[in-house]
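Annotated features in TrEMBL:
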TRANSMEM  A:6-24  transmembrane segment
TRANSMEM  A:36-64  transmembrane segment
TRANSMEM  A:84-104  transmembrane segment
TRANSMEM  A:111-129  transmembrane segment
DOMAIN    A:133-413  domain 'NADH:quinone oxidoreductase/Mrp antiporter transmembrane'
TRANSMEM  A:135-156  transmembrane segment
TRANSMEM  A:168-189  transmembrane segment
TRANSMEM  A:209-232  transmembrane segment
TRANSMEM  A:272-291  transmembrane segment
TRANSMEM  A:328-351  transmembrane segment
TRANSMEM  A:363-386  transmembrane segment
TRANSMEM  A:406-428  transmembrane segment
TRANSMEM  A:449-467  transmembrane segment
Amino acid sequence: MQITNLLLWTSLIPLCGAILLIFIPRFYSHLIRNIAFATAQLAFIYSILLWLCFESTTSLFQFIYTINWFPSYNIYYTIGVDGISLFFIILTTWLITVCTLISWNMPDSQIKEYLICFLLLEAILIQVFCVLDVLFFYIFFESVLIPMFLIIGVWGSRERKIRAAYQFFIYTLAGSLLMLLAILTIYFQHGTTDIQVLWNINFDVRTQILLWLAFFASLAVKIPMIPFHIWLPEAHAEAPTAGSVILAGVLLKMGGYGFLRFSLPLFPEASLYFAPLIYLLSIIAAIYASLTTIRQVDLKKIIAYSSVSHMGFVTLGLFSFNSQGIEGSIILMLSHGLVSSALFLCVGILYDRHKTRLLKYYGGLVQVMPIFSILLLFFTFSNIGFPGTSSFVGELLVLMGVFQFSPISTFLSAFSMILGAGYSIWLFNRVCFGSLKLQYITNFQDISRREFCILFPLSVFVLWMGIYPEIFLSEIHCSSYNLIAYFN
Amino acid sequence: MYLLIIALPLVGTLVTGLGGRWIGRKGSNLFSTTCVVLCVFFSSIAFFEVGLCGVPCYISLSPWISSGALNISWGFLFDSLTTTMLVVITSISSLVHLYSIQYMEHDPHCPRFMSFLEIFTFFMILLVTADNFVQMFLGWEGVGLASYLLINFWYTRLCANQAAIKALVVNRVGDFGLSLGIFTIFYLFGSVDYEIVFSSANIYTNYSISFCGFSINTLTLIGIFLLIGAVGKSAQLGLHTWLPDAMEGPTPVSALIHAATMVTAGVFLIVRCSPLIDLSSDVLLLITLLGSSTAFFASIVGVFQNDIKRVIAYSTCSQLGYMVFVCGLSYYNVGMFHLVNHAFFKALLFLSAGSVIHALSNEQDMRRMGSLANSLPITYAAMLIGSLSLAGFPFLTGFYSKDLIIEITQISYYSNLQISFGVYACWLANISVLFTSFYTFRLIFLTFIKNTNSYRKHIENIHESPPLILIPLILLAISSIFVGFLTKDIFVGIGTPFWGNAINILPTSCNLLEVEFMPSLIKWLPFVLSSMGAILAYTINVGVLKNNIQFAHNHLFRKLAFSLSKKLYWDKLYNSFIVSPLMYFGYNISFKNLDRGFIEFVGPYGISRTIKNWSTKVIKIQTGQLTHYTFFVIFGLCSLLLLVPVWDFLQFLVDVRLLVFCFIALFVA
């Protein structure tokens, strides 16, 4: 195996695993679990290898692999990574591993299809983050819907899940159609969909504005930005734990990644033109979602709404057009991928034990689940951007970057620091402190070894990213500087 | 050795916090106390080397965050300001550790408590040793976290929960200001390192930034943001509400965090940024106004509190006001001097109060105490020394700094010095002296002298506290007597070289000389005022006026007393004008009306409903009769043929905006 094929293998492994699982009878449920876990692990190891072999001193794409897919129409299937996409791939492979582990105790009758869905999702997500062709990006971007729709619709927790799944589907699809039109326009105008070529093409400003809007419609739904966000709390609240983890951890990042990869470098003038719009929506998201979060009573909805607020910060940073803002957004996305996933895992752990997600029934858990409480405290404080955790690095960089572009936006969005502390601490306090509600809590079991092994590496990584983020930033620098060059 | 000062508390907290299960109560007590005591030892050496010998030390470890022009590194700066803080932090912390071994003896979570104290010490040390603003912010937030955990130590109590959340969220408002200050600093200087920022601050005096439509001098803006941070942490007027509530935590915590160290972080920030703040007279004015108002407000509210810890908490608030406004008058070294002295006597007061509470089976209301002087002689002596020191009795620790502060405000009256707002500070500071002395002696009289009002059950169990509680009290009492005298010439002596470059001392600061040449009548004023306060407290509580309280029935006085005992309704103000509307917005407007209302209506449900409605309508047209279909075809063809000739006329009437209205109308239909 050559190093150049590393990326191809990383993306193929989960697909092979999924195909393998299809041929294993449902009866061998333990084998199915083990194979899924091993596949996810292997993909994770490969993605780490990708990081180790990554050359950080260039902004060019690496590990490129090309297939001439549609020769007569000049459409190539090309994959490759640069500093921006590298960590998203690692995040995906890691979180899928986590998902296979967290669903270990699912009933044997359902586990097979469930794990196949996740492995398929992994294969598609890796493609989304490494494919270098707008048309293929669109295809994979949309295909994510299929396994996700099944995960929410089939393995969700309540009857409302169908409604949530449809809402998720309609929103995403409606937005994406416009993106398809934009991609076709680009293709018919310039005869190619390869982004490395397209990056060197100057669109005229009026076209840029229209195309930017079309891309925005699709990406803003995924992120989600404020008027398009209502699918998110619904989908999160209905999805199974692993679904929420992957939804918050990776799917939301696709929007941000899309902005980084397409909107900013392809349409720089339009991006500058629409920056005030993005700022307005982001600031509204940061404050409005925080205020909404304070009054939620469903644990999952609290975390989902706080995701909306954090994603507001991400979009702010993306459109600050300087290295601090853009790198901050990338770090914040990665950090949010870890922290909110961990919080969803924590909620999942509670749900497994007490079968409710309503805040009302919890209280004083620190007495029966001390280790869980420590981890929850850690992730809660990461969520509010406590210095020394990864979110802080992201938020600091984003706000520093935005300050140079528009001080007043920083001032307004920083209010969500206060509100964020409010809802996070309130949540933690209600769940862990106070007197133990013995009338509701009847299961006295701290987290198991499996759950600890899931959460502990996440916490280590969050801390590592907070204390020594250089190791990530140094890989991102070249690509982000290259991106900024489009605006100078 | 310098890094050990930082590392030891961290090791301590990790071992006691994560390994408390294995090393047990005694092990964790011993380990954590040893760590802090070693820290005291090392920081004394650091104080000697850096402060007294004048050799600042700078350690750079590794880069932290870098992006573009931004370069933040893990670095530690030990100058005289840092080492002074270090000595205060570690010595108070070690005494509190020692004290808590006994105080928390019956608590099942002793290792956790020790670990929290230790993590607080670690973050506080990180705060003072940082060499850049962001690292300081880490310590700043960290002490907030430690404060949350420690106030919430007895987590089953609802009061403790509320107080802890309040402390954290209110502090977060301050953090919001500080972080904005950091962003502005990076915007202006392109760096967040102290040395770059402070040394180049002079160049940027004329830069201004457009903010909220106003053009503001950037340095003023930075100063205001930093001031918000300091106000939050140091519980100045406006964001002070968390401090009295924080007394829900265990008493050693109040002594360490809410008196001696954490709350002084705001003052430390102002002193640290003195080269920046000194350049903006507007910020200095604001600091002086805020500080002196806080000193006055807190002292007058303290008079009407009945909880022994709350009285001391308001006293802390008031003393912090003194420190802040003297910084506003540009005497940063005097503020620092008061900070050090205050740490000792206020920790003493809190720990003595803890001893009283311990003896009285956790009774905190002063009205249910009395005559304890005979049963708790050593505690009484300690409390008395602390109170006298707080009231500024001559030649005790508090006297040297407090008297100096008041004299500095007095010299504002000299017209050649041009400190007009100093006059405001002068009046409030002098009045506060009276009230300070009044409430602190009221505390003494009610607790130790007046006939007892306690329950019999409590009185039977009264005992002087065990030696581990008394040793810290005695040590602190000794330092409350001598520290001021010993360090006066180092900190605020005229022409002292101690501070070096750590604090910006303006050439005009030779005003300290003016203090020496004031008329002796004015120099006597603070003493007279505090004696008056003490005598007043005596007459009202145990003296002739004890049974003759006609004035208390006065309508006006009752109103005043009532509103003051309600802390002038600050909490009420915040709850009903800020918190409730936001909560209302969060549920009724943003969630119910918008997310669950408008957006859903125009979004997924609106679309699906409209499609359903229209499809049912369209279905009705599909009758299956050929005649109907023929009718539609002909009707369509005719209208098309009719429309084409008049289109030129019609297109003026058709507008894109109209189409949008039509689209929305579809939903309503």
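In case you wondered, yes, glycine gets a Cβ from its N, Cα and C as well.
TrEMBL does not curate its annotations; it predicts them automatically.
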_Dominant neighbour of the transmembrane segment (A:111-129) in A:84-104, A:209-232, A:272-291, A:363-386, by Cβ pairs under 8 Å_ = A:84-104
*asked:* Under 8 angstroms for C-beta pairs, at least 3 of them, ignoring pairs fewer than 6 apart in sequence. Is the transmembrane segment (A:363-386) in contact with the transmembrane segment (A:272-291) by that rule?
replied: no
*State the residues, same chain only, that lie 6 or more residues beyond the ends of the transmembrane segment (A:84-104) and have a CB under 8 A from a CB inside it; answer 'none' if no residue qualifies.*
10, 14, 33, 36-37, 40-41, 43-44, 46-48, 50-51, 54, 111, 114-115, 118-119, 121-122, 125-126, 129-130, 240-242, 245-246, 249-250, 253, 257, 260-261, 330, 333-334, 337-338, 341, 345, 348, 450-451, 453-454, 458, 472, 475-476, 479-480, 483
*Does the chain bring the transmembrane segment (A:406-428) near the transmembrane segment (A:272-291), so that three or more CB pairs sit under 8 Å (pairs 6 or more apart in sequence)?*
yes
*asked:* For the transmembrane segment (A:135-156), give me same-chain residues lying six or more residues beyond its boundaries with a C-beta closer than 8 angstroms to one of its C-beta atoms, as numbers and ranges.
replied: 75, 77, 110, 113-114, 117-118, 120-121, 124-125, 127-128, 162, 164-165, 168-169, 172-173, 176, 179-180, 183, 187, 193, 218, 222, 235, 238-240, 242-243, 246-247, 251, 254, 258, 261-262
*Same-chain residue ranges lying at least 6 outside the transmembrane segment (A:272-291) that approach it to Cβ under 8 Å*: 205, 208-209, 212-213, 216, 220, 225-227, 229, 305-306, 308-309, 311-313, 315-316, 318-319, 321, 405-406, 409, 412-413, 415-416, 419-420, 422-423, 487
